[in-house]
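In what follows, a structure is listed as structure tokens, so that the remarks can point back to it.
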């Protein structure tokens, strides 16, 4: 495997910091998040589109003092000759996280990068998939190939979203279905 060149990460737009944090993420955590995205991108399997994508999930177990890569989970896009069968980097990373036992509340931030000059956000399918496991205020950092980044929250990327919190409790759904059956009988 070749060595990945990691740029110095910097904001691609004006950013508001609060107590030295950007959306609750320290500069050190942001550096690790970006590095892990670039590392994941280098591992992408995309022989058809040649469009490499890397994603990194920063776990809430990370801290400003211990920003090791052990507190991130990465994923890269994996293509297939049967094009619709490919999987995006964000879903690979989140699937890996779920298999490791992580659920909603486990994620402090998400990072995504590609090989293009502009910033690339998760696709619609990935936004909905991430929504299942991320709080609406979770920041998603989008890095361009030069290491500049912009950030949006999950709620900003998928406004008026449908997620697990929208569903009524299963007992309520079951009772409503039983009531509907009784009315039609």
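In case you wondered, yes, glycine gets a Cβ from its N, Cα and C as well.
TrEMBL entries are annotated by machine, without manual review.
So that you can see what the record holds, here are the features copied from TrEMBL:
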- 28-165: domain 'CMP/dCMP-type deaminase' (DOMAIN)
- 77, 78, 79, 80, 81, 82, 83: substrate binding site (BINDING)
- 88, 123, 126: Zn(2+) binding site (BINDING)
- 90: active site, proton donor (ACT_SITE)
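On the structure: features taken from TrEMBL.
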| residue | record | DSSP (3 states) |
| --- | --- | --- |
| 77 | substrate binding site | coil |
| 82 | substrate binding site | coil |
| 90 | active site, proton donor | helix |
| 123 | Zn(2+) binding site | coil |
What recorded positions in the list 88, 90, 123, 126 lie within 10 angstroms of residue 77 (substrate binding site), counting C-alpha atoms? 88, 90
By DSSP, how many residues in the domain 'CMP/dCMP-type deaminase' (28-165) are helix, how many strand, and how many coil? 46 helix, 34 strand, 58 coil
The answer, for which of the binding-site residues 78, 88, 123, 126 has its Cβ ringed by the most other Cβ atoms inside 10 Å, is 126
What is the Cβ neighbour count of residue 81 (substrate binding site) at a 10 Å cut-off, with all protein chains included? 8
Fewest neighbouring Cβ atoms within 10 Å: which of the binding-site residues 77, 80, 82? 82
Near residue 88 (Zn(2+) binding site), which binding-site residues out of 78, 79, 80, 81, 82 have their CA within 10 Å? 78, 79
For the recorded positions 79, 83, 90, which one has the sparsest Cβ surroundings, going by other Cβ atoms within 10 Å? 83
